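*Asks:* Have a look at this one.
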Amino acid sequence: MRYRGLPAILLLSAALVLSLIISVMIGPTSIMLSSIFVDATAYQIIFDIRLPRVIAAVLVGAALATAGSAMQALFKNPMADPYIIGTSAGGSLGAVASIVFLAGTGLHVFAFTGAVGATFLVYTIARRGGKIPVETLLLTGVALSMFLSAMLSFLMYGSGKSLQQIVFWLMGGFWTVSWNDVHVALLIPAGCLVIYLFARDINIISLGDEDAVHLGVNVEQLKVLLLFVSSVLAGIAVAIAGAIGFIGLITPHLMRIIVGPDHRVLIPAAILAGGLILLWADTFARTFGNEMPVGIITAFLGAPFFMFLLQRRIHA
Amino acid sequence: MKTVDVVHLDVCYGAHQILEEIAFSATPGEMIGICGPNGSGKTTLLKAMSRIVAPSGGEIYYNNQNMENLSFRMLAQRVAVVPQETAINFDYTVREIVMMGRHPYIGRFASESREDHAICDRVMRLANVSPLAEMPVNAISGGERQRVLIARALAQEPDILLLDEATSHLDISHQIEILSIIRKEMEETTTISVFHDINLAAYYCDRIILLKERKIAAIGSPEDVLTREMIRLVYGIDVLISTHPTTGRPYILPLYTYGMHDAMAGRVHIVCGGGCGTPLIRRLHQAGWHLTTGILNVLDSDYRTAEELGIPALSEAPFAPISEASSSLLMEYFEKADKIILVAMPVGRGNLDNIRLLHPHAKKTVIIGSSESFEDYTGGEAGCVLGSLIENGARVETSLDSAMLHLRKQTNSG
């Protein structure tokens, strides 16, 4: 039922607000919130460095979790993630091209264009007679990702001195985030809202395309919408923080266990949880990890957790 | 009033034509069964009717509205589909799945109303799944899951219900349960269902459509459509049609002969009588030979066997001599047959002509039993006729088995 998830949503919301407050105080130097009124440096650290970073982490986490939920429903496969349709490979290629050829100028724009462009290409290739069969979409996404990765490797091979910068960027992180990034990231709540408005349709399409037609869903139109909005969400995430893995895969999974599969509850829960998880991963990275790329932490924690979920699934 | 009107429907997959010139209509409350061999286009017809595949020609009207002009939502308010068997990858509860049937009625920014919940509760009761409401849909049995999908279809409050072999994977008790729920609870609804089991269709349906190779081969009441000729034409098998002792509906009994017809394609005429031919008729029929027999008297048990198996048999009234007309027909049958088998039998004046007329065809005649095994009531005349038959090349086989062996050899070498 709908209210099954309400306690979880309230709890997650409270946790997120609390975490936002705590995480701006933590860092290489811990700062009490009260000190910002007396200490100009403290004010600067909190408002110009930590706050944009913390907000960006929450929004990127929310974007990846929402896009992940949508892709898992669209592909009727709980193993799908937001990058499955070429988003991360395309975004990475765009970013790396900018680093190699333009010394990093317009990196965000290149990354976003690469991510959305790759999805559009996958969509165009997989489309047949006004329809996109999900299997074809999936395979095309995998194939194009491999192709783009090959191009990426080629660029890295010839990149010389900028290789370290590339590798660092590819691992994903928030250390360069400024208020400008947050302004771009404000598109994320809008995208999440659009997906949420289609939550009931997403429930139905997760049963199967034919079933969804029988129940009055304009399936092909919904697919285009989900692909477009998800790729924009994932594209913004990649542009801001690089291709951070596992958040988009694990979060919907975890929330499905807690609140059930109804996307009207699952999507809000995933938005909150995605933000929360990435916020703490990044806080850990900048506080204890010596600015270790946050992608390492999410993968390091995410992969074993994922295997644990798989085990549970097999035993159930 | 027509709730469904299919007009000159064509469906192609690429260059393959799957359905051709399909046309039929249905009235409220009617149940129509679609039967036909695999690949005849049954499922495609339902898919075209539920907008899963686009027709390449023709139109489908629901309540006089062209399907083309209906939005997906409007179509789902009128037409509900119960699919064959669905694997559901996510753990929705039974109630959540049934509630999805209300989707076409709920606005983008709205959520389920009190009325939607009431409808949901009612249809779950009808489909007998209320006790399962909070169970995950993957934790219940196949029969229960199919009932859940029926409840979901009922929740759509459709005028037309399409079933795609909705009960094929279920055991017989669940099949009957589900079809009975549909007939009982959806009296106003037009139901169009694909059936594998013709007998199930014959019992539940008001009319039956038989599809063969993309086209409608027959449409009408079960009694009119399910004839032995039609089944042979559509499915290529021989069946017996009887009447179900309690329902009074036609009931089809397959004869379990398969595929020999074309392989051998032999035509055999059997001359017999007094019940002596029955074992041979049954065996040859089972082995797939095209048989004719006669001339027999209508009270002869050989005649009854032939009639039962649908074998053309020339007949005369009991104790009547063989008429001019019958003997010319008999000569025609002899002419057409690849082989003629004469079974040792009692011979009297009445049936002596059967043997006499064999004379020109002695070479393709096989006699089962020596001339001594014929009971001669003609005062030796029959013996003479037999003797000259053998002299002219008729082959004598001592037993049914050796005769069968001979027939097979002949066909294989030919």
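Each Cβ is built from the backbone N, Cα and C atoms, and glycine gets one as well.
Features from TrEMBL:
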type: TRANSMEM; residues: A:6-33; note: transmembrane segment
type: TRANSMEM; residues: A:54-75; note: transmembrane segment
type: TRANSMEM; residues: A:95-125; note: transmembrane segment
type: TRANSMEM; residues: A:137-157; note: transmembrane segment
type: TRANSMEM; residues: A:186-205; note: transmembrane segment
type: TRANSMEM; residues: A:225-251; note: transmembrane segment
type: TRANSMEM; residues: A:263-281; note: transmembrane segment
type: TRANSMEM; residues: A:293-310; note: transmembrane segment
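Set these features in their place in the structure for me.
*Replies:* Here the transmembrane segment (A:54-75) has Cβ contacts under 8 Å with residues 16, 20, 23-24, 81-82, 84-85, 134, 137-138, 174, 177, 181-182, 185-186, 188-189, 191-192, 195-196, 202-203, 205-206, 223, 226-227, 229-231, 233-234, 236-237, 240-241, 244, 247-249, 251-252, 255, 263, 266-267, 270-279, 281-283, 294 of the same chain, all six or more residues outside its ends.
Residues 85-89, 132, 137, 140-141, 144-145, 148, 152, 155-156, 158-159, 162, 165-166, 169-170, 181, 184, 224, 227-228, 230-232, 234-236, 238-240, 242 of the same chain lie 6 or more positions beyond the ends of the transmembrane segment (A:95-125) yet place their CB under 8 Å from a CB of it.
Listed as Cβ neighbours of the transmembrane segment (A:225-251) (distance under 8 Å, sequence separation of 6 or more from its ends, same chain) are residues 56-57, 60-61, 63-71, 73-74, 79-83, 85, 87-88, 91-92, 95, 107-109, 111-112, 114-116, 118-120, 123, 169-174, 177, 181, 184-185, 187-188, 191-192, 194-195, 198, 202, 270, 273-274, 277-278, 293-295, 298-299, 301-303, 305-306, 309.
For the transmembrane segment (A:293-310), the list of distant contacts is 57, 168, 170-174, 241-247, 249-250, 253-254, 257, 277-278, 281-282, 284-285: same-chain residues at least six beyond its ends, Cβ to Cβ under 8 Å.
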